[in-house]
């Protein structure tokens, strides 16, 4: 599903140049659930941004579902993001003046789907994350866990190839974190490929494979025994 | 632009950010409102001044004399320049083709006039028949002084409406005899004057009669003419100026006055006066436009400014939208359409409000110099569309900036 070869990325800040990614090689098969670990500054967020087409690599190749991702202009990047990817962020990134339902429906709006179909589909995904009765509430009326569930529904609604989660439990307490992870595991069980960036070991243990990043290189890439989040709930 | 989904999205955004929408709209609406009021009042001033000038024929030339101030050809200064029938005839003969109405006047500023037990002090003017048109006097009942009155020096009088009310009350004055300095005059008409009561407290008698009754011989006090009107206002002004000068130098020659003696013979030209006033009005209008346009520019800059703040405030939202697959153009479209919609809607609101206020308050205004303030609706509509265009331009910079927002930067957790 995802194939990355010899990926390099540097950031330039004035005269200083920071080499963040120093040759990453990495493959993800369909249906995998991978966590990317590393301390801050290890380059894990940069890697996720490149995978998410929010940023572009300096060198190396990136193939997503057999489509080479290169020379992206903003228009194509926007199209690919909409088609291929679903994002889950640490701070949820919901639009605060839109209801849960409208937030979920937003990717479909940019797909050009009509309102009726959008609403039906969004309701379906809100039901999936267990928030059907909260559909007309604003994000400010929801708890952290509920917000993240709305964000997950939004990430899923356009049926993307890959789900990218950047510290999905970073802003949640332990109990809520496990609930959210249980939901994400369920999505993976249904066959969706998922990448999770985290620095928490217990969260990483809930995936099927852990990639450890340090100073811009992969130091460890191993398949692990998945811990079911439901065991903790 | 006509995408229903886009409009739904915009209405939703606007209605969920009411204060922001309201403030943006307010600056535009007040800009247009002020412009409309200013334009209305500048039109009102124009109307007011025009109606002031309609009181007398605007193309009038009048001649008055006083004492000389310079010695000339052996004559001492301080000599009174006395106009006569002879000098009037000379002027009339020379400028005949250019003149429309002509009249000479001999007047007494205050004369006792009585009828029965009522009496009062009134201005008595001996005139020619044309004076009726020069003074814009309307005959209410009876008639004005006519040619045979003048030729036969008849003792007849045309009295002003005020005078009629004073002396006759409800009685009809026609064919009644009034006494002027003890001489009986028969009233043949009553006139109204747009100049008001002051103009209506006087009586007209034939000039020949006046000269005889007041022992004036051939003397006249002043002469007045109106010019045949030209189509072109500037041309008319030039012509009447030339003729005024011609009359002035002719009279100075006849009465032996130094050519550079400005006060001895004075020829007034109302058209020239009118032009001065009109150019003053034009200046006032230009100032009003300037202020109005300035207000609108301020409004547009305000909109641009608010849109910039909006974009700044919505950076994260725009980042989210882009991460979810929004094209740069759809972001530009969203911001622009919002700006244009808000400016147009509030602009029209300000326009209607301003027009409504003018419509309501306009007729209540009772001032000699402001009359019927109004706005040409087309001009107002044009300004609204200009405003929308300006709003779009003002919205474009923020929109462009919004399109340039990188989602990765916008979504970075602070």
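Heads up, the Cβ atoms here are built off N, Cα and C, so glycines get one too.
Bear in mind that TrEMBL entries carry predicted annotations, made automatically and left uncurated.
Because the structure is a prediction, the values reported are computed rather than measured.
As annotated by TrEMBL, transmembrane segment applies to B:21-41 (among others). Note on the transmembrane segment (B:21-41): residues 14-15, 288-289, 291-293, 295-296, 298-300, 302-303, 306-307, 342-343, 345-347, 349-351, 353-355, 357-358, 362, 370, 373-376, 379-380, 383-384, 387, 391 of its chain, located 6 or more positions outside it, place their CB under 8 angstroms from a CB of the stretch.
What TrEMBL records for B:21-237 is domain 'MacB-like periplasmic core'.
What TrEMBL records for B:286-311 (among others) is transmembrane segment.
Sequence annotations record features per position, and here TrEMBL assigns domain 'ABC3 transporter permease C-terminal' to B:290-407.
The list of residues near the transmembrane segment (B:331-357) in space but at least 6 beyond its ends in sequence, with Cβ under 8 angstroms from a Cβ of it, reads 1, 6, 9-10, 13-14, 21, 24-26, 28-37, 40, 300, 303, 307, 310-311, 318, 321-322, 375, 377, 380-381, 383-384, 387-388, 390-392, 394-396, 398-400, 402-403, 405. Look at TrEMBL and you will find B:331-357 (among others) tagged as transmembrane segment.
Here TrEMBL flags B:377-397 (among others) as transmembrane segment. Taking Cβ pairs closer than 8 Å, the transmembrane segment (B:377-397) reaches residues 28, 31-32, 35-36, 39, 296-297, 299-301, 303-304, 307-308, 332, 335-336, 338-340, 342-344, 347-348, 351, 354-355 in its own chain, all 6 or more past its ends.
In terms of DSSP secondary structure, the domain 'ABC3 transporter permease C-terminal' (B:290-407) contains 99 helix, 2 strand, 17 coil.
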